[in-house]
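Listed in TrEMBL for this protein:
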type: DOMAIN; residues: 6-212; note: domain 'Cytidylate kinase'
type: BINDING; residues: GLY10, PRO11, ALA12, ALA13, ALA14, GLY15, LYS16, SER17, THR18; note: ATP binding site
Amino acid sequence: MKKINIAIDGPAAAGKSTIAKKVAAALDMVYVDTGAMYRAITLAYLEADHDDFEALLSHIDIRLISDNGQRVLLNEEDVTERIRENDVTAHVSFVASQAAVRGFLVDLQQQMTLDKGVVMDGRDIGTTVIPDAELKIYMVASVEERALRRQLDNDMRGISSTVEQLKADIAHRDHLDMTREISPLSKADDALVVDTTGQSIEQVTEKILKMAAEKIG
Ligand SMILES: Nc1ncnc2c1ncn2[C@@H]1O[C@H](COP(=O)(O)OP(=O)(O)O)[C@@H](O)[C@H]1O
Ligand SMILES: Nc1ccn([C@@H]2O[C@H](COP(=O)(O)OP(=O)(O)O)[C@@H](O)[C@H]2O)c(=O)n1
């Protein structure tokens, strides 16, 4: 069986992490949610209250622990739940647009993929982090459905929001992510588009497992 890397990119709340986690579990691969890494640096930025990113990064240690998904440690503190809160979400696209931040995280992410066997999701995985990934997916869904899904996520996490506000926030974040200067969100030329609108998690997982099976041989 051939060892491969799978890159999953796309806009906010398209279903990338949910599907990446399931595909990794089914294929006994390592799941990496790169958005969580940008969120962890955003939390450090909010706590530091200055925008000297070089200085900030020199004091940052990020660890990902596989745990039926992924837990995130920022300087040994478990911030997995904290980084989903509204203040982090509102600032993450700004922090992710910084050259120093992207250089730091892309290096770290590329090291994780060297031995293959990784399912990595984010915004620039197929274009920048693993341009030679054997399977690249560009996952999309209507903004209405993405806002509804995120509202359910927030309800479960006890995070306050409304669907209308989420729709506006998601559209704004997508715009920032697609128009930033360094590795903006875009579909790699060789990525396959998967639209999850109106699809169940099981249907999408099956579809991607079939695509992966073709690559694994
Ligand atoms: N067909 C589907 N594919 C993926 N996620 C879905 C689907 N239908 C509903 N969902 C829900 O949508 C949300 C997607 O969020 P998430 O996976 O965090 O997206 P992303 O990583 O793209 O931001 C999850 O709560 C998930 O349960
Ligand atoms: N590879 C990546 C992953 C995330 N990001 C940034 O991190 C933010 C949060 O990513 P996320 O995957 O946690 O976002 P959600 O769609 O889960 O809300 C994105 O809006 C991007 O600004 C990025 O720039 N590059």
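Backbone N, Cα and C atoms are what each Cβ position is placed from, and that goes for glycine too.
Location within the structure of each feature annotated in TrEMBL.
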{"residue": "GLY10", "record": "ATP binding site", "Cβ neighbours (10 Å)": "28"}
{"residue": "ALA12", "record": "ATP binding site", "Cβ neighbours (10 Å)": "24"}
{"residue": "ALA14", "record": "ATP binding site", "Cβ neighbours (10 Å)": "29"}
{"residue": "LYS16", "record": "ATP binding site", "Cβ neighbours (10 Å)": "27"}
{"residue": "THR18", "record": "ATP binding site", "Cβ neighbours (10 Å)": "19"}
In three-state DSSP terms, the structure that ALA14 (ATP binding site) belongs to: coil
Output field, ATP shell: CB within 8 Å of site CB centroid, site GLY10, PRO11, ALA12, ALA13, ALA14, GLY15, LYS16, SER17, THR18 dropped: ASP121, MET139, ALA141, ARG146, THR196
Listed binding-site residues with Cβ under 6 Å from ligand 2, out of GLY10, ALA12, ALA14, THR18: ALA12
